[in-house]
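Presented below is the structure to which this report refers.
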Number of protein chains: 2
Amino acid sequence: MKFVVLKFGGTSLVDVDLREKAANKIIAAKEEGHMPVVVVSAIGRKGDPYATDTLINLVSQSYRELPNREMDLLMSCGEIISGIIMVAALQSMGHPAVLLTGAQAGIITDNKYSEARILKVQPQKVTKFAQEGYIVVVAGFQGVTEDGDITTLGRGGSDTTAAALGVALNAVCVDIYTDVEGIMTADPRIVKEAKALDVITYDEICHLAHEGAKVVHPRAVEIAMQKGIPLRVRSTFTDSPGTLVTTSGEAYKGTIDITRDRIITGITYISGIAQFKVGIGTGIEGLKQQRRVFRALALAGISIDFINLLPEFVLFTVLDNVADKTVKVLENTGYVPEMITGCAKVSAVGAGMSGVPGVIADIVEALTKEDIQILQCNDSHTTVWVLVRREDMEKAVIALHRQFKLGQ
Amino acid sequence: MKFVVLKFGGTSLVDVDLREKAANKIIAAKEEGHMPVVVVSAIGRKGDPYATDTLINLVSQSYRELPNREMDLLMSCGEIISGIIMVAALQSMGHPAVLLTGAQAGIITDNKYSEARILKVQPQKVTKFAQEGYIVVVAGFQGVTEDGDITTLGRGGSDTTAAALGVALNAVCVDIYTDVEGIMTADPRIVKEAKALDVITYDEICHLAHEGAKVVHPRAVEIAMQKGIPLRVRSTFTDSPGTLVTTSGEAYKGTIDITRDRIITGITYISGIAQFKVGIGTGIEGLKQQRRVFRALALAGISIDFINLLPEFVLFTVLDNVADKTVKVLENTGYVPEMITGCAKVSAVGAGMSGVPGVIADIVEALTKEDIQILQCNDSHTTVWVLVRREDMEKAVIALHRQFKLGQ
């Protein structure tokens with residue numbers, strides 16, 4: 001049996017039109033002679049699985065305390081409900097379908113509730129129903145321990161379910177369906193010329209994901225790649241081939257290696273950031289003060305980023321929503337910080353930039369040409385980060401995208 | 001370990017106050033040295049499990065077709081959600097609790113989706129968590145097949161879950177909590193003097209349930225009684241002992257047999273009924289016509305009740321909502337029926353009335369004294385049914401309750 005795994009996010013299920021488009025992709029796969037296995041996320045569960053969920057609101061209205069085990073059990077209902085809706089859609093289009101929970105699909109995990117890891121997959125029930133002619137829909141994001149307790153997989157969970165099922169079923173491919181054409185060189189809402197990458201490496205995906213791009217979860221890619229199952233990110237709305245995820249630096253099944261010479265993969269951004277500048281004096285005293293500042297922030301549980309240690313002062317960023325708390329902690333420790341809230345971090349990501357001269361020069365040139373003030377700039381082997389004011393963010397993304405000719 | 005099983009309906013969970021009252025019952029059982037095991041129904045799922053459920057509305061908005069297997073899986077989320085809420089309530093009151101799904105609690109059923117029967121109970125997980133000091137909450141109304149498919153138990157399902165767990169755990173008792181004092185002699189909203197029965201037999205429960213009284217489900221009683229586990233119907237709001245369900249005609253563990261001499265157990269009612277009178281002529285021709293009438297109704301799928309065959313005509317009732325259809329069917333078959341819509345069936349139920357003379361005479365006397373017109377009257381060994389106009393219903397229930405001194 002030639003399985004293909006198709007994963008749809010909750011946004012693909014919110015109305016009848018979208019569901020029909022998703023169902024058509026599934027039916028097309030069936031009519032090409034494949035056995036489609038469908039993985040769905042909960043409706044209204046986006047990046048953060050706990051953000052928008054009505055089930056969680058239901059309980060948290062009254063109670064703050066809920067054990068992780070029960071939270072996972074509650075959360076698992078979200079994917080069951082959206083899976084049922086997908087089954088109903090397929091049935092109404094004349095294609096018999098069944099829903100399997102993560103447990104029924106044999107997704108066996110450890111017992112780290114809310115971020116469980118898949119230990120193995122026992123897909124006998126998937127195979128059985130598929131052999132009987134059903135389209136099998138699997139509730140993503142969830143599994144079960146060897147003891148029979150229901151778990152959830154945390155961020156990117158449904159992608160991971162799809163990849164793990166792809167491996168267990170030795171699928172022809174795992175297709176992650178989304179509302180854009182694939183993995184994009186930049187957010188198409190900001191950059192009109194943004195285009196889908198034909199091929200992307202695992203490394204590049206990890207870096208893009210880390211810098212705020214909405215791509216497939218790295219864990220899912222890792223699982224699929226270990227067993228050589230092709231994984232693609234594709235659009236529910238078009239027939240374009242989407243972005244193929246491949247191993248680093250190697251041509252995949254005859255595809256020309258277009259990633260080898262690529263300096264920059266994409267431009268990403270994260271807004272809602274506040275920059276802090278704290279004077280610390282010079283010399284040995286300055287080093288002591290540095291330690292005091294960072295220890296005070298660590299004790300207060302404030303996560304900091306974009307750290308620059310300079311002779312007279314330190315620079316760092318925090319998320320806007322902890323800016324006030326950060327000011328208080330610093331003042332209580334005896335400092336008078338300077339703060340700029342409403343900043344954004346714009347990143348140029350590319351595994352290929354390592355050892356290539358002139359990348360930072362290009363970036364600085366592109367931004368200054370547009371009169372964008374660079375508040376801070378750091379770099380690593382694979383990424384250049386620039387801190388700008390929020391109002392300059394879109395302009396900066398567009399300028400960098402153009403500078404590296406990503407739309408061509 | 002001495003287990004007690006406490007079952008709460010969805011109405012016990014709708015607000016914080018009610019949940020706290022329910023939780024207090026559970027905590028009291030724990031503090032008396034018992035191991036409480038709690039069974040819950042879904043919020044908003046009353047008599048008819050499919051009537052008020054928001055989950056079902058969610059899907060049926062768009063699709064009419066949903067396989068029974070998937071319908072059961074969807075329904076099962078209802079009890080999981082209310083179970084989670086109960087766990088949250090117990091935790092917030094300082095008592096560690098866990099939720100088990102029907103499958104996790106080992107409720108093994110056949111695969112008759114939507115009305116599955118429990119085949120066996122494997123409560124190892126219940127016992128394990130109880131031994132670890134948790135209050136175990138079990139999602140009622142659901143089970144799992146040997147193949148791992150989720151099923152629901154149909155009407156009275158959560159009562160049945162409670163009884164089956166009581167048997168499997170060899171519980172001290174199974175307490176079905178409700179919003180009244182126990183099984184009542186009549187609906188207390190109609191009859192002020194209505195009181196809770198101290199003891200009731202299985203037979204009496206079956207008859208009361210059949211005549212529209214909201215009592216514990218007969219199937220649950222049957223399961224508990226077969227293994228001699230005491231089952232009580234009690235109030236969440238008071239400390240009264242409630243109604244003990246016992247075997248027919250026998251004293252239960254030293255309780256005086258107050259049921260032996262009881263002629264009437266309770267007065268029940270069902271409204272929304274239409275009476276039909278169809279002229280059929282006399283003699284052999286009349287018998288032929290009878291057959292024609294009933295065959296036509298049967299072919300049209302109309303369920304009839306309260307049938308009286310008389311020399312010149314037949315009398316029967318249907319539910320008000322099929323009255324118009326019934327008229328059409330009869331007219332199409334060549335009859336001109338007389339119809340009275342807006343009737344109610346009032347029943348005096350009592351296993352003890354068998355062979356007792358004068359019961360019907362008492363009933364007729366009680367009703368005529370109140371100027372209530374008796375449209376029809378039937379009787380069996382255990383029940384007398386009276387058809388009255390809807391506007392006379394409350395008066396009739398009160399009159400019969402008084403006639404048989406049920407409030408004393």
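Backbone N, Cα and C define each Cβ position, glycine as well.
Here the structure is a predicted model, which means the values were calculated and not measured.
For reference, TrEMBL has these:
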type	residues	note
BINDING	A:K7, A:F8, A:G9, A:G10, A:T178, A:D179, A:R189, A:K214, A:V215	ATP binding site
BINDING	A:T52, A:E79	substrate binding site
DOMAIN	A:348-408	domain 'ACT'
A:E79 (substrate binding site) and A:R189 (ATP binding site), distance between Cα atoms, whole Å:
28
Take the C-alpha atoms of A:V215 (ATP binding site) and A:E79 (substrate binding site) and report the distance between them in angstrom, rounded.
20
Taking the domain 'ACT' (A:348-408) alone, what is its mean pLDDT?
90
Closest to A:E79 (substrate binding site): which of the binding-site residues A:K7, A:G9, A:T178, going by Cα position?
A:G9
Sort out for me which one of A:K7, A:R189 has the most neighbouring CB atoms within 10 A, since those are the binding-site residues we care about.
A:K7
Given a 10 Å Cβ-Cβ cut-off, pick out the one of the binding-site residues A:E79, A:T178 that has the most other Cβ atoms nearby.
A:E79
If you draw a 10 Å sphere around the Cβ of A:G9 (ATP binding site), how many other Cβ atoms fall inside it, taking every protein chain shown into account?
25
DSSP on the domain 'ACT' (A:348-408): how many residues come out helix, how many strand, how many coil?
28 helix, 13 strand, 20 coil
Cβ neighbour count within 10 Å of A:V215 (ATP binding site):
26
DSSP state at A:K7 (ATP binding site), helix/strand/coil:
strand
